[in-house]
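Colleague: Below is the structure I would like to discuss, written out as structure tokens.
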């Protein structure tokens, strides 16, 4: 009897693993979007709890909970894409050519005073640098950006759909998954609460970080005569792009100041964007924001240091890109929660 049960158990696990691999292969294109939707649902589930108090129907409260992240993130991205297209369409090839040639001449004269040999080599190097080449490069990047934008819109669409169903079936799905885990109810609830608290911290910290960086750059760009609101929104969302971040905004602005002949303005915006916002705010202030959100907004007793959450965000972004903002902290919180379960339950 026991042998028959053992064979049945082995057969079940073989079929289950094969089925799991088949499901992974079948839904591979949607797994990352689904994971993002699940983690986003966990991090913003306070919205569902809020709307459930005032809306009678589950589908309506789920829809309202889904619309808030869409309004916060998707609509500003559409605004940024439209404005970026307007800026590209307004480029004047003749003025750009004049600017490039005058800049090349100034660089050559400055280098000639320093070293005629270096100036001659630099002139040969800059001979291929022309307005037509720059425009071809810009429009080539625009074509790649358009393809990336279409892919982004499609992925966001799937995430929104998955997010709605995550909210709609949230409680039943949560109970089902937690019951599958072979831990006590207290342990599984502890794992969920720890991950949920960390994701809540990341969600509010990301919003505050976007607002702070966007506001700071908007003020500086407005001081130079630009549309502070537009560039503030652009910089805020560019700040969460892996690696390059706000350089997507302040580098073109600095070059435009050079184009206008304002070298001091170009140097100011470059130092302001790269050092003050990029280093001081993004790397120095963000851990403080995490601590502020943890203690004052979320008011959670979660025992994860804010610096660990900060580095989890950086590690997640370096591996998964934008999605790593929530995947990195979620994976870290899960690992720490499992370590605590081992320490409290299995160690002895």
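Backbone N, Cα and C define each Cβ position, glycine as well.
Since we're looking at a predicted model, the values are computed, not measured.
When I checked TrEMBL for this same protein, it listed these features:
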TRANSMEM  9-27  transmembrane segment
TRANSMEM  33-51  transmembrane segment
TRANSMEM  63-82  transmembrane segment
TRANSMEM  148-169  transmembrane segment
TRANSMEM  197-223  transmembrane segment
TRANSMEM  229-251  transmembrane segment
TRANSMEM  258-281  transmembrane segment
TRANSMEM  308-339  transmembrane segment
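Map the listed features onto the structure and describe their local environment.
Modeller: Panel annotation: around the transmembrane segment (9-27), residues 34 of the same chain, lying at least six beyond its termini, place a Cβ under 8 Å from a Cβ of the stretch.
Tertiary proximity for the transmembrane segment (33-51) is limited to same-chain residues at least six positions away from its ends with a CB under 8 Å from its CB atoms, namely 27, 60-62, 64-65, 68-69, 155, 158-159, 162-163, 166-167, 170, 192, 195-196, 199-200, 202-203, 323, 326-327, 330.
Long-range contacts of the transmembrane segment (148-169) within the same chain, counting only residues at least 6 positions beyond its ends with a Cβ under 8 Å from a Cβ of the stretch, are 30, 33-34, 36-38, 40-41, 45, 48, 58-59, 61-63, 65-66, 69-70, 74, 77, 81.
Within the chain carrying the transmembrane segment (258-281), a Cβ under 8 angstroms from the stretch's Cβ atoms is held by residues 95-96, 99, 103, 209, 212-213, 216-217, 220-221, 224, 235, 239, 245-247, 249-251, all 6 or more beyond its ends.
Here the transmembrane segment (308-339) has Cβ contacts under 8 Å with residues 32, 35-36, 39-40, 42-43, 190-191, 194-195, 197-199, 201-203, 205-206, 240-242, 286-287, 290, 302 of the same chain, all six or more residues outside its ends.
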